């Protein structure tokens, strides 16, 4: 079954979001773009993070991708939502451990900091990593209480 990935960004993350969306589509994944459709108008990372969180929780998606200038602001917005585990990642190891130990369901990138090829590597590693579960699940359950 084809993976379904939801994406959102603010204006600062628009270019990287578009590159990631195109990369995922070329790999055969279904993408849902929650906007924006331009970087010419300022848009809040908070509103975009909230929109993506609601979509990930309420729809059948494999994971989300969020991009703002640093990846920090949008991750803060996302992590205010129950059942969201958004990981701001800056390395392949970050992405790997976000999935392996924390079962992250949203990857957050800094559009002004991460080169597209590096983002692609992180996404590929994340997709190919299986969540370890076990002792880690107990901790995730605590977050959802």
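Using the three backbone atoms N, Cα and C, a Cβ is placed for every residue, glycine included.
The following features are taken from TrEMBL:
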type	residues	note
ACT_SITE	68	active site, proton acceptor
ACT_SITE	101	active site, proton donor
BINDING	10, 11, 69, 70, 71, 72, 73, 102, 112, 135, 139	D-ribulose 5-phosphate binding site
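Comparing residue 139 (D-ribulose 5-phosphate binding site) with residue 68 (active site, proton acceptor), their Cα atoms are 27 Å apart once rounded.
Cβ neighbour density within 10 Å is lowest for 139 among the recorded positions 101, 112, 139. Same-chain residues at least 6 positions away in sequence with a Cβ under 8 Å from that of residue 71 (D-ribulose 5-phosphate binding site) are, in sequence order, 13, 88, 89, 90, 108, 109, 110, 111, 113, 114. Its own atom aside, the Cβ of residue 68 (active site, proton acceptor) has 32 Cβ atoms within 10 angstroms in the protein chains shown. Here the Cα atom of residue 69 (D-ribulose 5-phosphate binding site) is found 26 Å from that of residue 101 (active site, proton donor).
Take the Cα of residue 68 (active site, proton acceptor) and measure to each of the recorded positions 10, 101, 112: the nearest one is 10.
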